[in-house]
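For reference, the structure is listed below as structure tokens.
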């Protein structure tokens, strides 16, 4: 598959965050590839960009699918509960 058409999942996390672990477990269960970005490793400028990209939210996790801000852990699980997550993930690269 051409890399330029790959869809992407990015999750901003902190290692000790239980909600981050829960969100990653759901993505792992869905067998999709995602990029994890540890917020504590970001520079101040990168943190400011992350907060802006997240609509002013600085909490973690913050999840993006194809550059669309999904939100946090509860938002991800709500998409799953509503049956909408699989549709968002259907074109994602699989593990």
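In case you wondered, yes, glycine gets a Cβ from its N, Cα and C as well.
Note that the coordinates shown come from a computational prediction; the quantities given were computed from them, not determined experimentally.
Annotated domain 'Glutaredoxin' per Swiss-Prot: 1-95, in sequence order, evidence recorded as sequence analysis.
Long-range Cβ contacts of residue 20 (disulfide bond) within its own chain (separation 6+, distance under 8 Å): 11, 13, 14, 60, 61, 73. Here Swiss-Prot flags 17-20 as disulfide bond.
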**Study point:** residue 20 (disulfide bond): secondary structure state under DSSP, collapsed to three categories
**Key:** helix
Practice item. Grab the pLDDT values for the domain 'Glutaredoxin' (1-95) and give me their mean, rounded. Key: 92
